[in-house]
Amino acid sequence: MAAPVTSTLKMPVLAALTFLLLAVACRASPYYPLELGYYRYKCPQAEAIVKAVMEKAIFHNPGNGAAVIRMLFHDCFVEGCDASVLLDPTPFSPTPEKLSPPNNPSLRGFELIDEIKHALEAACPGVVSCADIIAFAARDASYFLSHGRVSFDMPAGRLDGTFSNASEPLKFLVPPASNLSALVSSFAVKGMSAEDLVVLSGAHTVGRSHCSSFVPDRLAAPSDINPGLAWFLRSRCPANATSGGDDPTVMQDAVTPNDMDNQYYRNVLSHTVLFTSDAALLTSPETAKLVVDNARIPGWWEDRFKKAMVKMASIQVKTGYQGQVRRNCRAINHY
């Protein structure tokens, strides 16, 4: 006896509905096209390996943590979060991003990423992308430098890009002498808000800066910088500090230089910050209120920083045929 037509149609229809629901659920994920636990089957120990290397590196030198947090920003705002900032010059691409003025010579952490990649390749060859390594490393740096106060999950699944050019950072990484309008615009282009700008600026609570990044517009020209800080900086920085020349470094946050906390916002309010871009946060009622809230409400900045980091680490990610998993973070794969 033949089965009813309705019965024979049910299975394909149910299968199609199930597939459709799964597809909708995936796209409804707040991290799409990335996902939490992306390597749980491919390389279960991946995130633990990154965390172990970062813990050791930050214990040896807290500046290593500040370096990879900055690296994430410089990577994601140029060509998206695709590790294009790691590529070395080659005869076919002699001027990659890392040689661009916003990155050279101030961007650090390349050897640390190499160390992490080497450990991951030994455990799971050809599985973990360099772009995901930068994101995980920045996440772990935030955790260790904040003594656990900034703890969050980082989705993964980014692929590594194959293009890198020194002209690109000049388009998207505005200099530290920028005013608030330029800063907000640079974030808006990447889908980031004015609040994201204020929150991520809080990363200036750790790390060092070259004198050439602030001497011309903060010390050699009229500014609102605190006179005591100005005196201190003039004792450390040559009046003609130039990138690549006589260009010492100083701590960005003299109060808690190695702690990731909300001290940065107290420094903004007391005019004890290095950059015009830091001081600019007080030049609009909206951003000034955010500075005050971050400075005065316990846990306020930490909670928002976690979300902003994940949001930034999702900018223009490459998946599928858009990228690759580099075997060496400094060079594209040649098949």
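Every residue, even glycine, has its Cβ placed from backbone N, Cα and C.
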Partner cysteine of Cys237 (disulphide bond, per TrEMBL) from Cys211, Cys329: Cys211
Shell of the Ca(2+) 2 site beyond Thr205, Asp253, Thr256, Asp261, same chain only (C-beta within 8 angstroms of their C-beta centre): Val206, Val255, Pro257, Asp259, Met260, Asn262, Gln263, Tyr264, Asn267
Among Ser84, Thr205, Thr256, which are binding-site residues, the residue with the most C-beta atoms within 10 angstroms of its C-beta: Ser84
In the chain carrying Cys43 (disulfide bond), residues 6 or more apart in sequence that have Cβ under 8 angstroms from it: Leu120, Ala123, Cys124, Val127, Val128
Top Cα neighbour of Cys237 (disulfide bond) in the set of recorded positions Arg70, His74, Ser84: Arg70
Other residues, Cβ within 8 Å of Asp75, Val78, Gly80, Asp82, Ser84, Glu97 Cβ centroid (Ca(2+) 1 site): His74, Cys76, Phe77, Glu79, Cys81, Ala83, Val85, Gly161, Ser164, Glu168
C-alpha spacing of Cys81 (disulfide bond) relative to Asp253 (Ca(2+) 2 binding site), in angstrom: 27
Residue among recorded positions Val78, Cys81, Cys124, Cys130 with least C-beta crowding, 10 angstrom cut-off: Cys124
